[in-house]
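Here's the structure we're looking at; comments come further down.
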Amino acid sequence: MSLSEAEKRKILRERRQQKFSRGGASERLNKIVGGQGSQLDTKSALDEKPEVVEEIPREAVKPEMNSSVQAKKESTAQAKAEDPQVELFRQLAEMQGQGATESTPDLFSMMKNLGATGDSPFPMAEQQVEAIDPELVEYHKYRVNTLTAKTTLVKWIVLLAYIFLLTRTDDTYFPFVVRSYLPEVFTSQSSFFSIFLTFEILATSIYYQLSVGVERETGVKTLQDTSKIVSLVSMVPEGILPIADLRGKVILAMKYWNIIAMMIGDVCFVLVAIGLVSQI
C-alpha cells in the first residue's frame, strides 16, 4: 500500500519531533558551537597568565663575560706560547737585545730546520736540505779548514823556495849541484809565470780531490750544507726570479770564486815574498 506525499511528510515530522524530544539535536548543536560535551577547545589565549621571566642582574652577567673573555685570552696566549714560530722569533728578539755570542744558534740553520717541518712562514725552494747534526757540521768545517791551511802552507813554502831559486844566483841557499840537476825552465826567470800557473792548477786540483774525500767521510757538503749564502738562496721560492736552478748556479759560482780567491792570495804572497827576498 503506497503512502501519499502528505502522509510521508507527516511521518517524517513525527520522527523529528521524537528526536528533539530525546535531546539529540541539542547535543549536536552544543558540539558544533563548543558547548558542553563539545570536542572543540574553548580555552582562550587571553585567559593564560604570562610567564614571569626572572631578570638577571647586570652585575652577575658582567663577571661571567669577563671570565669568558679572560679564558679566551689565556687560551690564545697558551696557543701562541706553544707555536714554534712564535718561540723562534722570541728567541731571535732576545738574541738581538743581548748581542751575538759564540753560543748563539745559527739563524739560517734554525730557519732551514723550521722549513723542513712545514711550519715556517717563509716558503722554501724545491731543493730541501736535510737536517744534519750540528756537531758533524762543525767537525766537517774543522777538517776543511785544516786542509785549507795545510795546503796554503805547503804552497807558500814551495813558492818561497822557487822565488829564492830565481832571485839568488849564488850558492848560498841552493848549491850548484841542485841547480845543475834542475831543467833550465825552472831556473829561467822568464818562465816564472808559466811555472806558477801550472803549480796553482796542480795544487788546486789536489786540494779539491782531498776536500771531496773529506765530504765522503763526513757526509757533509762543504758549500751545500755549510754556506750561509747557499742557505739564504735556498729560501727563495722557485719561479720568483727568472733564473732556472738558482741554487745550483750559486754553488757553481762559489766554487769558481774559491779558486780565484786562492789564486789571488797566492799572487799577493808571491809579490810580498819577491819584495822581501830582494832586500836580503
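Backbone N, Cα and C define each Cβ position, glycine as well.
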Membrane_side_equal(L182, R247) from Swiss-Prot: no
Within the predicted model, mean pLDDT of the topological domain 'Cytoplasmic' (212-258): 81
